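Have a look at the structure below before the remarks.
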Amino acid sequence: MELGSVILTIGGSVGFFKFVNSGVGKLPAPESACRNVWKWRNISTSCVHSMITATWAVLCFFLHPQMAEDLIETHSVFSHVLVSFSIGYFIYDFFDMLRSQKLSQSWELLFHHIVVITCFGLAVVSCRYVGFAVVALLVEINSVFLHIRQILRMANMAASTLYRVNSMINLGTYVVFRINTLAWMTRWLVLNRDKVPLLAYTLGSVGMAIMTAMNIVLFCRLLRSDFLKSSTREAKKEKEM
């Protein structure tokens, strides 16, 4: 895909997610979510991105399995468009957060988005490491459940069975598609050190290190919030009885 097509795809993606966000704003929202309408719309839009890119990433490897054998040079137009489309979302979300939130509240995610845009941008412009970027987007399989968790909490459904089931799926997919995927990507980068130029290797290594640290911290928060706290409450109730 030529540079002009890449720019067009990225621009189209930014416009698409603006449209999605606007559409979510016109739909009825739970009364409890009305206290922070921006967050409700932002998370819902992020959930749409995760659903699209998670399905798309799986299809990329299903339709073009040889890409898994060579993550550097081999890729399809389908996968190249996916990475460009995802860059558009991260650019859109970056400016949406920058405009609507204080820097102290969103600096972690803003930094995450800068790292992703830089790494994905390198892949689509050079037409190399596109397969590696598609592997990274498998993380979005977990993001679907992570966003659903936030939506349910905003809708005051944290005590529901649906929330409990989603929490278990969320934690399971977190380990498989987030922590394990990042660990595999780090291992791949180390094993293929001789095939990767110094700049790309440095960017990839720093990006992987930052993502891994952020994901471990988030995993601990999820575990404590959804499982350890509830177990503590149940233990206290038993003692009171």
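Note: Cβ is positioned from N, Cα and C throughout, glycine not excepted.
Per TrEMBL, the features are as follows:
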TRANSMEM  6-25  transmembrane segment
DOMAIN    35-231  domain 'TLC'
TRANSMEM  46-65  transmembrane segment
TRANSMEM  77-95  transmembrane segment
TRANSMEM  107-124  transmembrane segment
TRANSMEM  130-148  transmembrane segment
TRANSMEM  168-186  transmembrane segment
TRANSMEM  198-223  transmembrane segment
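With Cβ pairs under 8 Å as the measure, the transmembrane segment (107-124) is packed most heavily against 77-95, out of 6-25, 46-65, 77-95, 198-223.
Mean pLDDT, taken over the domain 'TLC' (35-231), works out to 90 on the 0 to 100 scale. Of the candidate ranges 46-65, 77-95, 198-223, 77-95 contributes the most Cβ pairs within a distance under 8 Å of the transmembrane segment (6-25).
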